[in-house]
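Report on the structure given below.
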């Protein structure tokens, strides 16, 4: 039976609709660690306003500042943290993540076509709403995220509980495995 290192603060980044929040919640339960979502923390700071509303009100620069403040409000403890789609791309936020002891930044991935399909059924983030080509913009952003971390993990497009649990196990085996435990 493998054992997992639960002393890390795991930051999940990825494109919009990849499943950072959903997977992060399942992973936190799987590992019995607290879960934080910077989008939810940001909304809480603005009495429930959505990130889209906050972006419209403050523009790109103001929104980035607020994303950074939401990130800095996350306690430095072993936990799972779902980052807003652009949070790690913002230099102060990226430096803040890397400056934390035992931080692990992991890029969650799904095929761009799957993400475009998901975004068609949801609200497209304000940063992407006026992009000439959603697919090209997502591809460029994915390249930028890939340049920030060599830790990438491909999720399954399937969202059943069983599939998510398999993803949690695979994730832990890949990034958090310590050694085999013997119960003899």
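Indices start at 1 and increase along the chain as displayed.
Glycine is no exception: its Cβ is also placed from the backbone N, Cα and C atoms.
Annotated features in Swiss-Prot:
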type	residues	note
BINDING	17, 18, 19, 20, 21, 22	ATP binding site
BINDING	21	Mg(2+) binding site
BINDING	39, 85	substrate binding site
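Across the structure, residue 85 (substrate binding site) and residue 21 (ATP binding site) place their CA atoms 11 angstrom apart.
Residue 17 (ATP binding site) falls within neither a helix nor a strand when secondary structure is assigned with DSSP, and so counts as coil. Apart from the site residues 17, 18, 19, 20, 21, 22, the chain places the Cβ of 14, 23, 24, 82, 108 no farther than 8 Å from the centroid of the site's Cβ atoms, the recorded ATP location.
If you take the Cα of residue 20 (ATP binding site) and the Cα of residue 39 (substrate binding site), they are about 11 angstrom apart, rounded to a whole number. Between the binding-site residues 17, 21, 22, 17 has the most other Cβ atoms inside 10 Å of its own Cβ, all protein chains included. You'll find the Cα of residue 17 (ATP binding site) roughly 13 Å from the Cα of residue 39 (substrate binding site).
Sequence-distant neighbours of residue 18 (ATP binding site) (same chain, 6+ residues apart, CB-CB distance under 8 A): 108, 109, 110, 115, 155.
Taking CA atoms as the reference points, residue 39 (substrate binding site) and residue 19 (ATP binding site) are 13 Å apart.
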